[in-house]
Amino acid sequence: MNSTYDIPDSTDWLKTSLSAFEPLEAALRCQVCKDFYDTPMITTCSHTFCSLCIRRCLASDGKCPICRSSDQADKLRKNGAVQEIVDSFQAARPAALKLAREDVALREEHGAPKRMLKRKLDDTDLEEAEEQRPKQSRRTRSQNRVQDSSPPRLEVIDLDEDYEDDNGLVKCPVCNIRMKEESIWSHLDKCDGQSKPSSGRNSRSRSTPSVTNLLQRTPEKEPASALARLPQLNYSLLKENALRKKLQDLGIPALGSKQLLIKRHVEWGNLWNSNCDSARPRTKRELLKDLDTWERSQGGGAPNPAAVVMKKDFDGNGWATSNKSQFDELIANARRKRTPVEKVEMKEDAVDKMETTAAETREFYDNSNLHNDLRRPSEGNEDALSIIREKADQANLDGLTSRSIVNLASRANAHVNTVDEDVFLDAPRDEFIGNSLDSPLHN
Amino acid sequence: MASSSASKRLFKEYRGLASDPPEGIAAGPVTEDDMFLWEALIQGPEGTPFEGGIFPAELKFPKDYPLAPPSMRFLCDMWHPNVYPNGTVCISILHPPGDDPHQYEQASERWSPIQSVEKILISVMSMLAEPNDESPANVDAARMWRERRKEYERIVRENVKKGLGL
Ligand SMILES: [Zn+2]
Ligand SMILES: [Zn+2]
Ligand SMILES: [Zn+2]
């Protein structure tokens with residue numbers, strides 16, 4: 001298990017003093033994988049995705065996932081600016097989040113902030129930004145909610161002495177000119193920020209040199225030996241054996257049906273070519289590991305149940321202790337009434353067949369010693385689970401309803417998990433919900 | 001074992017839904033051992049005969065998610081033009097473009113890798129409020145909804161009660 005299960009999420013900002021960072025972070029994430037852009041590429045239709053994500057999408061249906069325009073992988077271009085923004089944001093994120101969280105804690109201890117003008121200023125800026133922003137499809141629910149449901153917004157940036165008034169004057173945050181407090185609102189409407197900055201603290205004068213420095217310090221370096229991208233093949237024109245030979249030449253497993261060879265070659269092309277795009281290309285051995293992961297989930301080793309099952313120690317009860325909402329109560333009632341359903345074993349011959357198909361391919365990856373440095377699934381999963389528990393506990397403390405999800409998880413476990421379709425259809429319906437006469441929803 | 005990109009993405013959605021749940025919706029994997037089978041609860045929209053009901057459903061995700069959409073099935077009696085008698089939901093967001101029985105529907109309403117569990121569940125909630133009877137999954141329910149609305153609403157309300165164990 002790699003560390004990706006400890007997932008930072010844009011919603012981490014919601015209950016901090018920097019809730020406006022939630023949409024910022026959401027904008028730095030790929031809409032396909034929901035992760036920070038990794039090797040962002042821009043399409044012909046000017047949409048940006050991770051290289052691997054868009055390559056997989058285009059290999060699958062040849063269309064941009066956002067606007068559905070047709071596009072081709074060889075027309076993708078790097079979006080270096082976005083990469084740089086993401087890198088810088090990620091580097092700044094932990095410290096910024098820590099400060100923003102501490103800030104809220106501090107304010108809660110010491111009551112409301114004293115400088116009301118600062119509050120107003122900040123809120124107005126945000127509202128205006130909000131209105132000016134073109135309507136975007138990626139605006140999330142939480143973004144829309146920022147204004148009404150977030151705790152009082154507390155600023156970090158304008159707490160320095162720059163904003164201290166001087167003879168009753170306040171400084172325009174854009175151009176730094178001092179003026180009477182009552183005139184600042186009308187001034188802000190017109191301010192173009194062009195007036196001479198009086199100190200280096202103006203955000204524009206500050207940011208310009210640092211961006212330049214950044215560019216000078218980290219010029220985009222091409223990999224020492226530019227890697228050659230793999231061309232697409234016309235699989236319908238290739239005989240199975242010729243294709244098998246191609247896979248052998250590429251040094252990837254050449255076993256399985258033609259269908260599987262094609263799927264594997266496509267995925268290898270996605271992995272290989274996105275690695276060519278990357279400013280930090282990885283070794284072929286690492287790419288083979290990724291291909292192995294793909295093989296286990298979608299390729300020749302695919303639906304082996306053992307590969308999916310990790311560890312059965314999930315404690316649903318711990319989450320169910322503090323049910324308050326009607327929603328939760330309903331679920332809890334259902335849980336009490338549940339009747340265990342026997343697990344339906346997978347048909348044995350089906351499993352056998354899958355395992356034989358997988359076995360030889362598996363041999364290839366195993367012989368490549370790709371996994372010597374990886375822990376077993378169950379070991380890694382414990383970490384993941386404890387992180388989730390911690391976060392959900394936190395969410396519960398904050399009065400969110402995430403526990404209902406877990407309740408339903410444990411409730412549903414008894415019914416749905418491995419039940420065969422046909423068994424399912426005949427199952428008595430009321431079993432799923434149970435008797436909830438004492439539910440507050442009963443009225 | 002490194003996790004597949006599908007399970008990573010599902011985990012992220014789970015994480016997001018847990019820390020910022022939409023109103024009236026709860027969803028998550030049945031067990032955290034298997035990100036590919038979720039259960040969801042949807043609250044009946046207010047002002048509709050579904051009001052007051054809590055409707056459990058399961059979502060099954062393909063291994064190449066989000067390239068392909070999940071399937072969704074209600075685990076309770078659901079009398080609705082767009083729900084098959086076995087509970088399977090039939091709405092455009094659950095169909096990739098080109099694979100949509102609803103030919104008239106715009107591609108933008110259909111599945112794409114940028115859609116999400118949250119968007120599906122919100123679509124289903126609004127489907128409960130506003131059935132689409134042009135290519136119904138349940139022909140009888142669609143006809144009843146069109147021609148005998150009172151009777152349709154009575155059945156829905158009965159199902160709501162039954163679902164609550166009354
Ligand atoms: Zn991505
Ligand atoms: Zn596009
Ligand atoms: Zn100014």
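Note that the numbers count up from 1, one per residue, in the order the chain is shown.
Each Cβ is built from the backbone N, Cα and C atoms, and glycine gets one as well.
Marked as compositional bias 'Polar residues' by TrEMBL: A:195-216.
Residues 4, 75-79, 82-83, 86, 89-90, 137-138, 266-267, 269-271, 273-274, 277-279 of the same chain lie 6+ residues outside the domain 'RING-type' (A:30-68) yet bring a C-beta within less than 8 angstroms of a C-beta in it. The domain 'RING-type' annotation in TrEMBL covers A:30-68.
Long-range contacts of the domain 'SAP' (A:235-269) within its own chain (CB-CB distance under 8 A, at least 6 residues past either end) are made by residues 55-56, 59, 284, 287-288, 291, 294-295, 298-300, 357, 360-361, 364-365. Residues annotated as domain 'SAP' in TrEMBL: A:235-269.
Residues or ranges marked as region 'Disordered' by TrEMBL: A:110-160 (among others).
As annotated by TrEMBL, region 'Disordered' applies to A:189-224 (among others).
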Can you count helix, strand and coil residues in the domain 'RING-type' (A:30-68) using DSSP?
11 helix, 8 strand, 20 coil
For the domain 'SAP' (A:235-269), DSSP counts of helix, strand and coil?
26 helix, 0 strand, 9 coil
Could you pull the average pLDDT for the domain 'SAP' (A:235-269)?
93
